[in-house]
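**Q** If you look up TrEMBL, you'll see A:6-25, A:37-56, A:62-82, A:89-108, A:128-150, A:180-202, A:214-233, A:240-259 marked as transmembrane segment. Residues or ranges marked as domain 'Cytochrome c assembly protein' in TrEMBL: A:63-258.
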Amino acid sequence: MNHALVSLACHAYVVAALVYLVYLVRQMDALATGGRVLVGTGLALHAVALVGLFGAQGGRPVGVAQGFSTFAFLLLTIFLVVDVCYRKPVIGAFITPLAVAVLMPGLLLDPGHVMSPDVQRPLLPVHITIALLGVAASAVATGVAVMYLLMERQVKGKRFGLLFSRLPSLEFLDTLNRRLAVLGFIALSVTLVTGAFFSSAAPGFFWTWTSKQIATLVAWAVFAALVGARSFGGWRGRRVALLTMTGFCLLLVSFLSSYDFIHVGGGAH
Amino acid sequence: MEFLCIGLSHRTAPLGVRERLALPEARQVELLQRLAQSPNEAFLVSTCNRVELYMAAPDMNRVRESAREELQQLGGPDALEHLYEHRGEDALVHLFRVAASLDSMVLGEAQILGQVKEAFEKGQGVGAVRGELTRVCAAAFGCAKRVRTETAIGRAATSMASAAVSLASKVFDGLKDKTVLLVGAGEMAELAARHLKQAGATKLLVANRTLARAEALAAEVGATARPYEELFTLLTAADVVVCSTASPVPIFTKENVGAVGKARKHRTLFMVDLAVPRDIAPEVGELDWVHAYDVDDIQKFVAENAAARAEEAQKAGVLVAQEVARFVRDRAVRNGVPVLAQLRQRGESIARAEVERTLAAIGDGLTDKQRKSVEAMARAIVNKLLHEPTARLRSVGPEHEGNRLAGAAAELFGLEEAAPPTGAGGPNVVANGGKG
């Protein structure tokens, strides 16, 4: 049932991605509205499925398939908020395909093996959800950074083609990137703090030099540097966009190393 | 009189060549005085996008050669390869299109008409434009007005200045909280200021070498005039810079713009150069935080958006064709009439001479009544003979038939040496104001 709902949501996202890509070429308001409605519908279905799943699992995603699914859900939720706030539907052409790509493993990996793992820890659902929110925020920030780099190429290279006429202004993309990076940074900070609590609660495992911990810490450092350099060093534009992408790649490593791929679905978080 | 347009524009020549041909006023006057010795006429349209000589002369081949030489001397050896020429009616069509803004970088922009008018008045001022080109220009300006009122071309597009503002909107998310610095206080700066205001800019600064002009512009558009000496201090605070000065060398170079980078924490700077020669050196755009555009970049941008205006331009093109045809027809009628007058004069003088000879031969043998009958008969023969040619010449058709007929009549009746109809023109009876 839940799997069917996620599959249905995925169909909605795929159609939304196509609609947004068409919007990139032919800017019609109806397409923007259509994309928004499709994403909204998909998210509603997706939410029902996730609530159903998590209810039985102590309020958190378990296993890599659900991890990807939740990641995609949060990613599109952030996008929808951005879309409603700023009314720049063209961002959808870059974010929705990314969300579909993220959701695919969630659908294709076998969810059958998922079982409620070890002991219940009260902070775990918060830790995981916020960690995923951080990854999702940095994913959207990366999408926006890609848009920035593309637009900067057009503006600098004086290429006045389709992208030039469709993409939002450099300043808008830079500001949006900043806001998303701040969101990502806060989420990551909370993740680290709750993670520390959570690890120290398990005897003898405060810092274990796992690839996940290292990648998360380095990613946090990158985002901290990014937010700091912006606020105090006046950094902006391309450098920040590239840093955002670096931070996201590190987070992706951290995210993937949270799961034991050999025993799909068997990982803790 | 034949017409010729010779020159180059943004369509044929790169900015570098156009820069060399952007002459100071005094040299323009000298050029016109050399080229427009009576009965020749000439005026020079010199804008940042085009340098064109429009000429009318009875012996165009000679004038054309000297015009080419002059342009080559001014623009360097490679200028010739960028030159284009339109002769006869093609030259008229070109002028009408230029004045109607159909040949502009931004189709339909209003500024060009003012610039052509100014060029025409300058020509008149130095005596280089007299009767023939005055009539041509009057028709061209009338046509431009018709294009503006009867098509949407002027509404769809505006000017280089508005294109520059559109470009700014791709860098900045609105101009409301941005500081705009206008360098130069001419017509271009004024236009840019108006567009920037329309786009939401509130903080406008004007810097100009002559402070009084900066103040005048500032008062007119609601900006603040600042002394030119503060230019680089102002640059530190500016987000958008629009240059349109007549400076022969770049004001902004990579070095002097780069020097303010630290003070402004490398905040994004958008610079538009509407001047030719350029006010902003091309290398300025290499700075990471600077986006610099010159007139050619703006042209490129406009060209991408031109498709939308193509339809209106087509309508305008039809109007131009109509107006040129009407002008040519009117001109033919005008030029045809003296042929008629001369023809009649010739006929009447022959009739009179023959009557006198006949009467002298007959002697006193005729009564007064018989004398009058002979005179009447001679006149009647001339009238009957000339009736058809007169009617034909008067009813000149739309395809410049009149001109050909006038020429043919002049040749047939040996009127080539006839005096011009006005003080301005040359021997127009055989002139080919139509096809060149």
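From the backbone N, Cα and C atoms, a Cβ is placed for every residue, glycine too.
Nobody curates TrEMBL annotations by hand; they come from automatic prediction.
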**Q** Are there residues at least 6 beyond the ends of the transmembrane segment (A:128-150) whose Cβ is under 8 Å from a Cβ of it, and what are they?
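**A** Contacts of the transmembrane segment (A:128-150) (Cβ under 8 Å, skipping residues fewer than 6 from its ends): 60-61, 67, 70-71, 74-75, 77-79, 82, 91, 94-95, 98, 102, 163, 167-168, 170, 173-174, 176-177, 180-181, 183-185, 187-188, 190-191, 194-195, 216, 219, 223, 237-238, 240-242, 244-245, 247-248, 251-252, 254-255, 269.
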**Q** Which stretch from A:37-56, A:89-108, A:240-259 shares the most C-beta pairs under 8 Å with the transmembrane segment (A:214-233)?
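**A** Checked against A:37-56, A:89-108, A:240-259; highest Cβ contact count belongs to A:240-259.
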**Q** Do any residues of this chain, six or more beyond the ends of the transmembrane segment (A:37-56), have a C-beta under 8 angstroms from a C-beta of it, and if so which?
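**A** Same-chain contacts beyond the ends: 1-3, 5-6, 8-13, 15-16, 19, 66, 69-70, 72-73, 76-77, 79-80, 83, 92, 96, 116, 125.
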**Q** Averaged over the whole of the domain 'Cytochrome c assembly protein' (A:63-258), what is the pLDDT?
**A** 84
